[in-house]
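The structure under discussion appears below in the form of structure tokens.
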Amino acid sequence: MNSVHKPPSNSTLGVSSILGHEVCESYLLFPGETALGDALRTFLYFLGLAYCFIGLSAITERFFRSMENVVKQTREVVEIDPHTNSTVVRREKVWNYTIADITLLAFGTSFPQISLATIDALKNLGDLYAGGLGPGTLVGSAAFDLFPIHAVCVMVPKAGELKKISDLGVWIVELFWSFWAYFWLYIILKVWTPDIVTLWEALLTVLQFGVLLVHAYAQDKRWPYLSLPLTRGERPEDWVPEEATSYKHVDNVDDEHSGIIQIDENYERGIVDIFSIHSGSRRGPMYHNVPASDLAESSNELHALSLWKEQFVDALMLESAQTKKLGNIYVRALQMLWRLLLAPWRVMFALVPPCQIAHGWIAFVCCLTFISGIAYVVTKLTDLISCVTGINAYVIAFTALASGTSWPDLVASKIAAERQTTADSAIANITCSNSVNIYVGIGVPWLIDTAYNFIAYREPLRIQNAAGLSFSLIVFFATSVGCISVLVLRRLTLGAELGGPKPWAWLTSIFFMLLWVIFVTLSSLKVSGII
């Protein structure tokens with residue numbers, strides 16, 4: 001029992017002292033790894049980590065397509081016309097766009113970090129000291145979301161094109177809860193119960209995600225007393241321009257890039273857009289690129305089997321129709337090499353059922369399962385890298401893990417900045433993901449550990465490097481003020497948060513990247529004990 005109360009030591013990472021030289025005795029696949037030199041082991045483990053991030057990007061594309069089908073789901077609404085007294089039947093989207101941004105979009109893009117943190121918590125179950133990978137990755141991911149992703153989104157619009165937030169009220173609510181999440185984390189770690197987390201603190205952390213949902217929905221609906229008195233900006237008829245999504249069927253299209261799968265010469269479907277939920281006209285016609293029903297509703301098993309078969313066929317092909325049309329043989333060779341590198345992931349992910357089945361929910365769950373599996377391998381590799389090199393796990397979490405697992409956030413925000421005529425979803429994904437990181441990504445793992453420790457030992461959860469994590473939060477607050485101030489300044493001077501003249505866009509982007517470098521550098525130096 002006494003060993004449970006001791007903080008993690010080098011022995012827990014498989015490090016032993018041999019003739020005065022520390023050798024990492026842990027391994028990933030076979031014991032013979034320990035005979036390799038530290039430099040070679042470090043290189044191989046980092047190579048494996050990079051390959052896991054490539055796999056994460058591959059499954060994220062399929063995950064987005066499943067989420068697109070979930071979001072576009074509609075329901076039939078029957079109303080009586082007060083003038084003609086006739087029955088009017090219309091279809092409306094099931095998901096409220098604000099709730100979809102916070103739940104499906106933000107939660108989905110943050111799921112790699114959430115999975116990693118939860119797996120890290122389960123690995124440390126029964127230990128009174130929390131693991132460092134989860135919190136470190138989530139705080140580092142918040143910085144990556146706020147700075148590099150904003151830097152990319154600012155540059156996405158064409159030269160001179162401006163994209164602004166149309167609903168400032170919803171953005172302010174989401175921004176408030178995003179900042180409060182990290183302020184709340186600091187209160188837990190340094191004010192109420194320094195260096196420990198209690199069961200009630202973990203429970204309150206998780207419950208605040210529900211409060212965020214209610215407050216954001218209230219602001220979207222402009223509920224009295226619960227919403228800011230800010231009028232919503234003008235919304236276009238279609239938030240996603242038709243020319244950006246109106247594609248025709250192309251033979252043998254590469255599944256990984258277009259999302260269109262060929263079934264036969266008579267079967268044709270358009271691309272479903274993840275942001276098609278943002279329709280300015282709630283009673284208007286649905287987007288032409290959204291099918292009226294999925295395969296579950298049509299009960300067409302032949303189409304379902306054909307789609308699934310096509311996924312495996314495409315996964316095994318080294319050349320797509322687009323690659324074959326390329327005139328440059330070297331470019332074709334590079335494309336084939338890249339598809340060969342992705343082949344193991346593509347074959348594995350072909351097991352995910354087509355996203356046209358059951359409104360995409362089955363594919364949605366299967367993708368999350370694969371993401372969790374990759375996150376588990378990532379945690380193992382990170383432990384080994386820390387074990388072999390002696391680098392603090394928090395430093396790896398702030399840098400490599402935060403950047404790699406935040407790739408889905410970057411993809412989602414970039415797509416939104418490109419396809420939408422406003423900046424709402426591109427920026428909302430950033431602020432909402434940061435909220436989800438704390439309320440769910442840290443709250444749920446801590447709730448698991450604190451509940452177990454309370455039942456088993458009647459003890460709270462201790463945070464081994466709470467001082468370093470708290471310092472990172474302070475740096476994050478300071479740099480965040482600079483980021484938000486620049487966005488506000490751009491709104492006041494240019495009239496929009498994203499785009500504008502290229503020199504100003506470049507200057508803004510460079511400034512955001514500089515803030516990220518400052519955060520990573522200071523945080524890494526602090527948790528390493530250098531400052």
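Keep in mind that glycine also has a Cβ here, set from the backbone N, Cα and C atoms.
Copied over from TrEMBL, here are the features:
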TRANSMEM  43-64  transmembrane segment
DOMAIN    45-217  domain 'Sodium/calcium exchanger membrane region'
TRANSMEM  94-116  transmembrane segment
TRANSMEM  168-187  transmembrane segment
TRANSMEM  199-218  transmembrane segment
TRANSMEM  358-377  transmembrane segment
DOMAIN    360-523  domain 'Sodium/calcium exchanger membrane region'
TRANSMEM  384-404  transmembrane segment
TRANSMEM  469-492  transmembrane segment
TRANSMEM  504-525  transmembrane segment
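With respect to Cβ pairs under 8 Å, the transmembrane segment (469-492) is most closely packed against 168-187, considering the stretches 94-116, 168-187, 358-377. A contact between the transmembrane segment (199-218) and the transmembrane segment (168-187) is present, since 3 or more of their C-beta pairs, 6 or more residues apart, lie under 8 Å. Sequence-remote contacts of a segment are chain residues at least 6 beyond its ends whose Cβ falls under 8 Å from one of its Cβ atoms, and for the transmembrane segment (168-187) they are 98, 102, 139, 142, 205, 208, 211-212, 215-216, 219-220, 222, 227-228, 230, 232-233, 424, 427-428, 431-432, 434-435, 437-439, 442, 470, 473-474, 476-477, 480, 484. Listed by sequence, the residues of this chain that lie at least six past the ends of the transmembrane segment (384-404) yet keep a Cβ under 8 A from its Cβ atoms are 13-15, 22, 24, 26-28, 38, 41-42, 45-46, 49-50, 52-53, 56, 113, 116, 131-137, 139-141, 143-144, 148, 378, 465, 468-469, 472, 520, 523-524, 527-528.
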